[in-house]
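Heads up, the thing below is written out as structure tokens.
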Amino acid sequence: MALVPCQVLRMAILLSYCSILCNYKAIEMPSHQTYGGSWKFLTFIDLVIQAVFFGICVLTDLSSLLTRGSGNQEQERQLKKLISLRDWMLAVLAFPVGVFVVAVFWIIYAYDREMIYPKLLDNFIPGWLNHGMHTTVLPFILIEMRTSHHQYPSRSSGLTAICTFSVGYILWVCWVHHVTGMWVYPFLEHIGPGARIIFFGSTTILMNFLYLLGEVLNNYIWDTQKSMEEEKEKPKLE
């Protein structure tokens, strides 16, 4: 038996994301007042994705509780749709985008923090909030993947969706630069056009890789779980 029910964990994670978003939006930073506001940053978009995803998880839990034993076929159909949406969102957005934000942020930060998160931001963003945006995303999504089985979409549709998201965000970053004359991320100012194309192409490939990683990890976790349950059943059968 789990020490903490997964439903309680999801609710706690959802509340933590709501707190992080509220605290982040309350910060008065110059970048929030410029074109695109917070929506030009992938970190903020990811926070919204995670909050919406865990909101759907909590809604699914509540719906499952309310429909349990009711025998109402229409309610069961709606619950299945909600579960399908939850699974799709984890596969296509919550896992790949969340892992991408954590990995890329800390890799660039370790190399040269001024390229991704200038020291000036320490005057606006407290350390706990920075970790809430760029660190805890990973363990939270792994907890969700471990506590609930998620049905991935077909590989072609999943990869198409993550490619669409990646290209859409890249075009959005380029549009912000076109309008303001400034790149969203400082390191893009220091590389040439060719290097930017390579970087954008590499990030799209990385997003696809993370989608596949999530699929493999999900299958591994639940295939292992199934094998363990079958092993436990053997003595009973004997």
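Think of each number as a place in line: the chain as shown, counted from 1.
Backbone N, Cα and C atoms are what each Cβ position is placed from, and that goes for glycine too.
Features reported for this protein in Swiss-Prot:
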SITE      Thr43  site 'Important for catalytic activity'
SITE      His134  site 'Important for catalytic activity'
TOPO_DOM  1-12  topological domain 'Cytoplasmic'
TOPO_DOM  31-44  topological domain 'Extracellular'
TOPO_DOM  68-87  topological domain 'Cytoplasmic'
TOPO_DOM  111-124  topological domain 'Extracellular'
TOPO_DOM  145-156  topological domain 'Cytoplasmic'
TOPO_DOM  180-193  topological domain 'Extracellular'
TOPO_DOM  217-238  topological domain 'Cytoplasmic'
TRANSMEM  13-30  transmembrane segment
TRANSMEM  45-67  transmembrane segment
TRANSMEM  88-110  transmembrane segment
TRANSMEM  125-144  transmembrane segment
TRANSMEM  157-179  transmembrane segment
TRANSMEM  194-216  transmembrane segment
C-beta crowding around His134 (site 'Important for catalytic activity'), within 10 angstroms: 21
For the topological domain 'Cytoplasmic' (68-87), the mean pLDDT of the predicted model: 84
Of 88-110, 125-144, 157-179, 194-216, whichever stretch has the most CB pairs under 8 A to the transmembrane segment (13-30): 125-144
Remote residues contacting the topological domain 'Extracellular' (180-193) - C-beta distance under 8 A, at least 6 residues beyond either end: 34-36, 40-41, 108, 112, 114-116, 118, 173, 199
Sequence-remote partners of the topological domain 'Cytoplasmic' (68-87) [C-beta within less than 8 Å, at least six residues beyond its ends]: 53, 56-57, 59-60, 150-153
Long-range environment of the topological domain 'Extracellular' (31-44) - Cβ separation under 8 angstroms, sequence gap at least 6: 24-25, 97, 100-101, 105, 133-134, 169, 172-173, 176, 179-180, 184
List of residues, in chain order, with Cβ under 8 A from that of Thr43 (site 'Important for catalytic activity') and at least 6 apart: Val101, Phe105, Met133, His134
Long-range Cβ neighbours of the transmembrane segment (88-110) (under 8 Å; 6 or more residues past either end): 42-43, 45-46, 49-50, 52-53, 56, 116-117, 134-135, 137-138, 140-141, 144-145, 150, 152-153, 158, 161-162, 165, 187, 203, 206-207, 210-211, 213-215, 218
Chain residues in Cβ proximity to the topological domain 'Extracellular' (111-124) (below 8 Å; excluding those fewer than six residues from its ends, i.e. six or more beyond): 27-29, 105, 130, 185-187, 190
